[in-house]
Amino acid sequence: MFIDQVKIYVKGGDGGNGMVAYRREKYVPKGGPAGGDGGKGADVVFIVEEGLRTLMDFRYQRHFKADRGQHGMSKGQHGRKSEDLLVKVPPGTVVKDEKTGQILADLVTHGQTAVIAKGGRGGRGNSRFATATNPAPEIAENGEPGQERDVILELKVLADVGLVGFPSVGKSTLLSVVSSARPKIAEYHFTTIVPNLGVVETGDNRSFVMADLPGLIEGAHAGVGLGHQFLRHIERTRVIVHVIDMSGLEGRDPYEDYVTINNELKEYNLRLTERPQVVVANKMDMPDAEENLQAFKEKVGDEVKIFPISAVTKQGVRDLLFEVANLIETTPEFPIHEVVDESDTSVMYKFETEGVKFDITRESDGTFVISGYDIEKTFKMTDFSRDESVRRFARQMRGMGIDEALRARGAKDGDIVKILEYEFEFID
């Protein structure tokens, strides 16, 4: 089975907790704080493994959670950073954020890496909070939570040439005679439902990878007939070979097929029209093919170069392969999105918080609910088992303007305020 799209969950490791500790050595009066910081949580890193060809492995494991950092220790010892969690993906994998649709990484070359979920930083130990007025603080931070998200993995086949056209126009047959690939060939539509790859060698010692892509139908750009799953593979090809059935045995008009397929490519991704396209008139060994070809040429004009072939008898195939090889040599690769810098094989996704720092809503029972990335992160990093940490959290809330915002919403002494799953009383 060929798996070309899958949804998975990734979570960076939480940072280790900071420690509250003090020096107790002999001959060290008033030893002072000695709590170490927690270690950084591990990142979830995707790495390209050239030996992989599908996303099949993700059918069986869809949750990837990196290890948290080691907790801080006494005597000022910091916790150890956890080893990053490496997730192997095949070349041609595009990683998208499931919620926003943003492309996080486009992984194409062996060994290329991308950080998909960052681990949290370690919490600070009490030695970090010592001041002239508070030389022995009873306060330490919990580790920062690691980033978590659902991501969509899409595999777009890496091929120099893509064969496109309606079902049963002879794409699989053509691939089978020009390469050692053995795609399934039968007398019914959609025999090919997954891409087939073959290495083509020309007579002058040139070679390229050709992909037999599943047949397209009208409305494919809108998802009709699994159109989105088929069209995504064309985005990586450098040259498009448009195969048209000139026999007319299917009852379709070759020119209408030509126009329909090109419209589908344009509607799906306008940039596909920038790629060189070779028009192949197939099944020229059939009785009415020559007459249909002449009518087709009259409609498309002299600007479109047409290669009449018969994939079955191999008539015209040699000239076609030479033309395709020439186009590949003069055509650059087309990235699927704008690339800022390709000088490094590593990609770092920089996470930026979105939206407001906090939001306040009120439930039907009068409880005030505070939410937002910043306040929830601050809450999770607070050690509520220590009074000094609780007082610090209260100061942080005031500094963020939450107290003032609660008063503006009508909060009074004794009202219940909720953050995540925890409730406490509002004191004015």
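Even glycines carry a Cβ here, placed using N, Cα and C.
Quick look at what Swiss-Prot lists:
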{"type": "BINDING", "residues": "165-172, 190-194, 212-215, 282-285, 310-312", "note": "GTP binding site"}
{"type": "BINDING", "residues": "Ser172, Thr192", "note": "Mg(2+) binding site"}
{"type": "DOMAIN", "residues": "1-158", "note": "domain 'Obg'"}
{"type": "DOMAIN", "residues": "159-329", "note": "domain 'OBG-type G'"}
{"type": "DOMAIN", "residues": "350-428", "note": "domain 'OCT'"}
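Taking the binding-site residues Lys171, Lys283 in turn and counting surrounding C-beta atoms within 10 angstroms, the largest count is reached at Lys171.
Here the domain 'OCT' (350-428) has, by DSSP, the following mix of helix, strand and coil residues: 29 helix, 17 strand, 33 coil.
Rounded to a whole value, the Cα-Cα separation of Pro214 (GTP binding site) and Ser172 (Mg(2+) binding site) is 9 Å. The average pLDDT computed for the domain 'OCT' (350-428) is 87. Within 10 Å of the C-beta atom of Gly165 (GTP binding site) sit 24 other C-beta atoms, taking all shown protein chains into account. When the binding-site residues Gly165, Lys283, Ser310 are screened for a C-alpha within 10 angstroms of the C-alpha of Ser172 (Mg(2+) binding site), no residue qualifies. Listed in sequence order, the residues of the same chain lying 6 or more apart from Ser310 (GTP binding site) and placing their CB within less than 8 Å of its CB are Asn282, Lys283, Met284, Asp285, Gly316. Each of the binding-site residues Ser168, Ser172 was scored by how many other Cβ atoms lie within 10 Å of its Cβ, and the smallest score goes to Ser168.
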